[in-house]
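One structure is given below, encoded as structure tokens.
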Amino acid sequence: MSKKRIIIGLTGASGVIYGIRLLDVMQSLGVFEIHLIMSQSAEQVIKIETDYSIDQIHKKANFVHNNVDQSSSVSSGSFITSGMIIVPCSIKTLSGIKNSYNDSLMVRAADVVLKERRRLVLCIRETPFHLGHINLMEELCRMGSTIFPLIPSFYRKPNCISDIVDQVVFRILDQFGIFLEHSSRYSKN
Ligand SMILES: Cc1cc2nc3c(=O)[nH]c(=O)nc-3n(C[C@H](O)[C@H](O)[C@H](O)COP(=O)(O)O)c2cc1C
């Protein structure tokens, strides 16, 4: 069976650990061909918020695409993918996608996913929102993307940050038909 080709974008919002953990889980599942795009700001936030090197994160993907390379495969609709997850997604990137302002590969790839009617999951991280942010999200919802704010829940009584991160990551994977929250391998219960 061929692997599901998926694009993962990391932008410079807080919560890069969600994206890193998603890459880890996807890699361990062995059913995805992972195409990674990281913005320059994501690299900056990774250095501030984690102990990972950029090289370590690159190794979690099958292919790494340079965010300034518009000739990359993921820039074209003829390159078939299951969709794209941007996690975390900054307000700047949200705005770029809403306006098809395709000056980076990240935004271009998301634009392509939308125009091809594939699944686009935008894991927004900002708080609080002003009306402009909410308008951007509303419009992108209408355009077919899933707005998936990085809001953790506590009903499974997390013991640590990684429990909180995992719960969110599993919910993201639900969007692509991978249901891990209650699996024995990944659940505490
Ligand atoms: C430590 C740090 C945390 C940030 N957190 C957020 C955030 O949660 N949400 C957001 O929209 N921008 C955040 N920013 C600002 C973005 O990095 C900035 O707007 C950047 O231009 C986004 O570019 P990108 O979308 O190309 O990654 C943060 C910046 C830094 C340095």
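Easy rule for this one: first residue shown is 1, then count along the chain.
In case you wondered, yes, glycine gets a Cβ from its N, Cα and C as well.
Note that TrEMBL annotation is computational and uncurated.
Neighbour list (Ser14 (FMN binding site), Cβ cut-off 8 Å, at least 6 residues apart, same chain): Val45, Glu49, Pro88, Arg125. As annotated by TrEMBL, FMN binding site applies to Gly12, Ala13, Ser14, Ser39, Ser90, Ile91, Lys92, Thr93, Arg125.
In this structure, Arg171 (dimethylallyl phosphate binding site) is part of a helix by DSSP. Taken from TrEMBL, the feature dimethylallyl phosphate binding site covers Tyr155, Arg171.
Taken from TrEMBL, the feature domain 'Flavoprotein' covers 4-175.
Rounded to a whole number, the C-alpha distance linking Tyr155 (dimethylallyl phosphate binding site) with Lys92 (FMN binding site) is 32 angstrom. On the 0 to 100 pLDDT scale, the model's mean across the domain 'Flavoprotein' (4-175) is 97.
In the three-state DSSP scheme, Lys92 (FMN binding site) is classed as helix. The C-beta environment of Ser90 (FMN binding site), restricted to residues of the same chain at least 6 apart in sequence and closer than 8 Å, consists of Thr11, Gly12, Ala13, Ser39, Ser41, Arg125, Glu126.
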